[in-house]
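Trainee: I am attaching a structure below and will ask some questions about it afterwards.
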Amino acid sequence: MAKIYSPSFPGTLCLCIFTLLTLMFIRVSARPATFVEDFKAAWSESHIRQMEDGKAIQLVLDQSTGCGFASKRKYLFGRVSMKIKLIPGDSAGTVTAFYMNSDTATVRDELDFEFLGNRSGQPYSVQTNIFAHGKGDREQRVNLWFDPSMDYHTYTILWSHKHIVFYVDDVPIREYKNNEAKNIAYPTSQPMGVYSTLWEADDWATRGGLEKIDWSKAPFYAYYKDFDIEGCPVPGPTFCPSNPHNWWEGYAYQSLNAVEARRYRWVRVNHMVYDYCTDRSRFPVPPPECRA
């Protein structure tokens, strides 16, 4: 016979209250994020301008400084996304970044989108990189198949126990699988914050540093809106990272589905311009994750 809730079952009462509070806590972490509630200026607050009552922002880069913002909390697994409209026209030498970072110095975990500025008429490149336990050097570059300065596009990082996927709109441009069983580093234990920055990097960003920033075109602007964070906030429920009921840990998200796999192959065949796995000048022997 099923138990009926009543004060005569104190253990059940405690469990019900705990479960309710936990679900409320997780629900809050999954609501649409806003800049005012969920983010703060990381540097040069004067160059971060709020719009639409904090639902959208503008980052500014000029000769004096760039700027950046960070989430107020850190998360352990989940999905983060933003809609971004990049710098139009001549943006050579600039980098607009959207990334997650554990902020743990030499052992940091980090998942990077870096949008590399261009000379007018050239395609915009996006570089992704993955740091696990302090080790990076996993760069891949893709030329975007549209002009990302004309309108907002959604950029997403999915981070689960099984894999990390970078999406441009609904198109996966990179997948990094968890191969810890083969002694390949994978970020599993360090919570990460969500960050974005706009800065000058003309020593490497555009054509390896050949194209320098043209300050006569400054100030440069990047725009953000529709912030979305669905993850396990830290501090938070201790069971959250391993909870199989979190949707990003569900069976449907343990690998790319058939449609995503086709789109991923299309990107790699038609738009990938650099892959560290095939760069024999840097890695005469491919890194272990490239052979897994």
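Yeah, the Cβs are placed from backbone N, Cα and C, and that goes for glycine too.
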Trainee: Looking at Swiss-Prot, Q127, T128, N129, D137, R138, E139, D203, W204, G208, R282 are annotated for xyloglucan. Which of E114, E230 sits in that same site?
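Mentor: My reading of Swiss-Prot gives E114 as the candidate in that site.
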Trainee: If you compare CA-to-CA distances from R282 (xyloglucan binding site) to each of the recorded positions E110, D112, E114, C232, C290, which comes out shortest?
Mentor: C290
Trainee: If one looks at the chain holding D112 (site 'Important for catalytic activity'), which residues at least 6 apart in sequence have a CB under 8 angstroms from its CB?
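Mentor: Sequence-distant Cβ neighbours: A97, Y99, Q127, T128, N129, I130, F131.
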Trainee: Would you identify the secondary structure of C232 (disulfide bond) according to DSSP, in three states?
Mentor: strand
